[in-house]
């Protein structure tokens, strides 16, 4: 009976032999999470140009879309999914935390692949990250009230969440400064941050799966896997619908769709790892990594479908615009030619005079 009173994380072995009870591995994972988050936020800052920020402040469509998508639609979606699938308090907190996170850098890469509006994508990601400093704790507090009588919600470290969010401002600000002073170095840093995002997620997935072991991984309910599949998919659909309501052009709709569904899973992982005790969060530490896996796969399918079926219409639209421009230009040239045509005087027999029109080269 004594063994049943041990923390769930020790199920793989004694208190010192549990997966997360190994402090050296846990601390190493914390360092990896922290470094990965810093590099990602630095890359985000390097992608932001001050001129773009000025334009968005004058016409803050991107800011408004980031607010509605990341802190209205996605938290509500996470809350409803947690209720529909009747999650326990630990799983619900992990899902809510992921749903309340700002947009991630993955959306910037995917927006390029679907011929989206890159400036809009960057502004939405940066805006949602800054807004998260205040709105993410607020959303967590609001939507966790349903589980208020549980220990995990009563111990929800909103102050630590705010502190973790605040720590991301320094690398973002440094990235903006690098963009302003050294644009070429900023371009390189953006590429490095995207690759570090992919590498860090893969390493985290492997290390966490290894450290948790098959026993704890098997304890993750099927409903959690279902939410990890449905939540990004529904986020993409909500983002596209939101952009349609704002009557945005197709390439902007694709951008907003990806921005809404792609969450900053590195930030979610860092908050779970750095603010919750392993005994409290258990195997639900895997949820943001599962979300990252399925959001990447579904975004990849989105890109593939666009490359196969949507790109031709995009090219035709672009070509049509160019043809319209060419026609207008030709008409303008013809009018100019007509206005600037002169005649030369030639004499023929019978003393007749005839005007022969000639055109001067423009």
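Note that Cβ sites are derived from N, Cα and C of the backbone, with glycine treated the same way.
According to TrEMBL, the protein carries these features:
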type     : residues : note
TRANSMEM : 29-50    : transmembrane segment
TRANSMEM : 62-85    : transmembrane segment
TRANSMEM : 91-110   : transmembrane segment
TRANSMEM : 122-143  : transmembrane segment
TRANSMEM : 155-180  : transmembrane segment
TRANSMEM : 192-212  : transmembrane segment
TRANSMEM : 224-246  : transmembrane segment
REGION   : 340-362  : region 'Disordered'
COMPBIAS : 341-362  : compositional bias 'Polar residues'
Taking the transmembrane segment (29-50) as reference, which of 62-85, 91-110, 122-143, 155-180, 224-246 has the most Cβ pairs under 8 angstroms? 155-180
In the same chain, which residue numbers or ranges, 6 or more beyond the ends of the transmembrane segment (155-180), come under 8 angstroms Cβ to Cβ? 37-39, 41-50, 93, 126, 129-130, 132-133, 136-137, 140-141, 144, 186, 189, 267, 270-271, 274-276, 280
Take a look at 91-110, 122-143, 224-246 and tell me which one has the most Cβ pairs under 8 Å to the transmembrane segment (62-85). 122-143
Within-chain partners of the transmembrane segment (91-110) [C-beta distance under 8 Å, separation at least 6 from its ends]: 40, 43-44, 47, 66, 69-71, 74-75, 77-79, 81-82, 116, 118, 121-122, 124-125, 128-129, 131-132, 135-136, 139-140, 143-144, 146-147, 152-153, 156, 193-194, 197, 221, 223-224, 227, 231, 255, 258-268, 271-272, 281, 284-285, 287-288, 291, 295-296, 299, 302-303
